[in-house]
Amino acid sequence: MREYDAAHYDVIVVGAGHAGSEAALAAARMGRETLLLTINLDMVAFMPCNPSLGGPAKGIVVREIDALGGQMGRNIDKTYIQMRMLNTGKGPAVRALRAQADKHAYHRTMKRTIETTEHLTLRQGIAESLIVEDGVCKGIVTNTGARYSADSVILTAGTASRGKIIIGELTYSSGPNNSIPSIKLSESLEDNGFVLTRFKTGTPPRVDGTTIDFSKTEEQPGDKEPNHFSFETPDSAYLKDQLSCWMTYTNDTTHQVIRDNLDRAPMFTGVIEGVGPRYCPSIEDKIVRFADKPRHQIFLEPEGRETEEYYVGDFSTSMPEEIQHKMIHSIEGLENAQMMRPGYAIEYDVVEPWQLKPTLETKVVENLYTAGQMNGTSGYEEAAGQGLMAGINAALKQTGRDPFILDRSEAYIGVLIDDLVTKGTKEPYRLLTSRAEYRLMLRHDNADLRLTEKGHELGLINDDRFDSYEVKKAAVEAELARLEKIRLKPTPEIQAFLAAKGEAPLKDGVLASDFLKRPEVKYADLIQFIPAVEGIDNRVVEQVEIQVKYAGYIDKEKAKIAKLKRMEAKKIPANIDYDAIEGLATEGRQKLQKIQPETLAQASRIGGVNPADIGILSVYIQQGKIAKVK
């Protein structure tokens with residue numbers, strides 16, 4: 001193919017999924033001339049698997065993206081068809097919002113946002129090779145021969161990277177949802193010294209909603225109480241006309257159909273070689289691994305208002321199509337369901353994430369960034385968070401500003417990226433609340449208090465929104481201070497209230513804040529006995545109640561975070577020679593050499609690096625010379 005010089009951009013983003021959309025929008029909004037290149041303009045921010053966003057940990061990531069000035073939260077608030085707050089019976093650290101998306105409206109709305117964003121050009125094309133000179137990425141070449149030069153390139157090719165779809169005995173080269181795969185880009189990465197591995201994910205069948213007998217299933221409606229992903233969205237915009245999801249179950253017949261055909265299941269015949277996601281196994285994998293379970297939950301989720309397609313959740317499979325028909329028809333409510341699309345597995349290339357810096361710039365090629373499923377993660381939310389960070393850091397580097405890195409105590413996005421670049425991953429990485437050491441600080445409700453100031457400093461949060469944030473922050477602080485000054489006396493009314501709640505009576509006067517700390521006392525109860533603040537926002541009330549009730553636990557986490565910050569402040573010289581440091585264990589030395597951690601705290605989280613290694617390294621850094629260990 002004859003090449004030609006097409007154009008120059010400050011930033012080129014390859015791939016317009018959830019990572020690419022956020023990366024391109026961030027770079028453009030920070031004033032960089034940006035090209036967003038996608039294989040198919042009709043698949044911008046598409047949802048090839050579950051038509052939903054959020055859930056435990058992942059929902060908090062969407063809030064963090066919004067607090068930093070990203071688009072995902074605003075986009076889903078405009079296009080959801082159901083909203084539910086999960087884990088409401090548990091503590092605030094694990095509460096999470098989940099939205100059922102109209103996947104087609106989500107795509108259209110995000111595409112329109114991209115098309116109307118200043119400094120951002122959206123174009124269809126297939127990137128086939130990187131332009132690399134002296135270890136520095138200078139642009140890309142497309143399949144039509146167009147040479148686009150750039151100061152930074154961000155790759156977000158997702159599961160299209162040398163993608164291969166598998167349905168039973170059938171295998172063929174493809175990206176997600178039967179899109180065009182990206183083959184030569186993977187080859188270009190390998191030619192430039194990158195180590196790639198193969199992962200696998202899957203998706204369930206889609207069925208025709210008009211052929212489902214919903215009377216045999218359990219309805220799951222949305223919440224009536226307003227909730228939103230974006231801090232910009234007012235409660236008045238909350239959708240009242242929500243669509244329900246539905247729940248049914250597999251049974252003995254389903255399990256027998258699967259067991260009888262395991263000899264045709266790619267998961268067990270060796271056809272699938274890529275490593276699959278631990279926390280989203282296929283239904284055939286679940287039947288084998290959990291043989292004692294009599295049934296498994298199945299969720300029937302609408303894919304939008306203008307379609308009858310239903311996503312059969314928790315039923316991912318790569319069984320042959322004819323077997324998928326039998327599996328579906330064995331399930332209550334789906335006896336006569338017509339399958340519109342079969343489930344499939346897809347294998348794809350992943351850049352081993354130890355080759356990345358915390359900014360998501362690669363260590364192998366300068367000015368080249370990767371984000372999303374290319375880095376070994378699963379999920380739209382994890383991809384979007386990485387894309388946002390890659391776009392921000394590409395823009396910052398070009399303008400000579402310091403890199404933007406969130407640490408583990410600041411955001412789930414920080415936990416995600418630190419896990420990737422420090423520990424790597426041997427399977428598709430899913431963000432879980434259990435991965436965060438400071439999850440009481442990383443809540444759904446306080447993402448704006450954690451990150452809005454940072455988003456404003458980056459230029460991604462405008463002044464009007466920042467002013468609204470400061471008003472909320474001041475209101476929270478004022479109410480917390482007020483409750484520390486008001487005293488309640490053991491009046492007959494208060495004692496009767498406490499008795500009705502099963503709480504111990506007051507013996508003496510007590511501060512309003514201490515009264516609120518009682519497990520059965522809500523803020524709404526408290527203001528029966530003290531003057532109410534007129535017009536106080538319910539989000540302020542939520543914040544006050546959580547901060548008061550969990551003050552002791554929050555203070556403990558703050559103390560741990562202060563210790564972490566001290567370790568993060570101990571920078572490791574970029575040119576350090578680990579071979580020159582006597583006393584390091586062999587495994588620790590090898591891991592440190594491979595990962596090249598930037599701080600002592602990051603080094604301490606590397607698997608195989610023991611506390612003694614950290615002690616030796618700490619002495620070396622402090623003394624600035626080789627640590628002698630007897």
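Using the three backbone atoms N, Cα and C, a Cβ is placed for every residue, glycine included.
Over in Swiss-Prot, the protein carries these features:
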type    : residues                     : note
BINDING : G15, A16, G17, H18, A19, G20 : FAD binding site
BINDING : 276-290                      : NAD(+) binding site
Using a 10 Å cut-off, grab the number of neighbouring Cβ atoms around the Cβ of C280 (NAD(+) binding site), all chains included.
18
Can you give me the same-chain residues 6 or more apart in sequence from A16 (FAD binding site) with a CB-CB distance under 8 Å?
A24, L36, L37, T38, L41, M43, V44, A45, I114, L122, T156
Would you mind listing, in sequence order, the residues at least six apart from F290 (NAD(+) binding site) in the same chain with a Cβ closer than 8 Å to its Cβ?
H296
Given a 10 Å Cβ-Cβ cut-off, pick out the one of the binding-site residues A19, V288 that has the most other Cβ atoms nearby.
A19
For the binding-site residues G15, G17, work out the Cβ neighbour count at 10 Å and name the residue with the minimum.
G17
Using a Cβ-Cβ cut-off under 8 angstroms and a sequence gap of six or more, which residues of the chain neighbour K286 (NAD(+) binding site)?
K293, H296
Have a look at the binding-site residues R278, C280, E284 and say which one has the shortest Cα distance to G17 (FAD binding site).
C280
I want to verify one value. Collapsing DSSP to three states, which class is V288 (NAD(+) binding site)?
helix
What whole-number Å value do you get for the CA-CA distance of C280 (NAD(+) binding site) and H18 (FAD binding site)?
19
Among the binding-site residues listed here (H18, R278), identify the one with the smallest other-Cβ count within 10 Å.
R278
So of all those binding-site residues, G15, H18, G20, which one's Cα sits nearest to S282 (NAD(+) binding site)?
H18
For A19 (FAD binding site), the one of R278, E284, V288 that lies nearest, given that the binding-site residues are compared by Cα:
R278
Given H18 (FAD binding site) and G276 (NAD(+) binding site), what distance in Å do their CA atoms have, once rounded to a whole number?
21
Additional residues around FAD, ordered along the sequence, whose Cβ is within 8 Å of the centroid of G15, A16, G17, H18, A19, G20:
V13, S21, E22, A23, T38, A45, T156, G158, A371, G372, A383, G387
How big is the gap, in Å, between the Cα of V288 (NAD(+) binding site) and that of G15 (FAD binding site), rounded to a whole number?
36
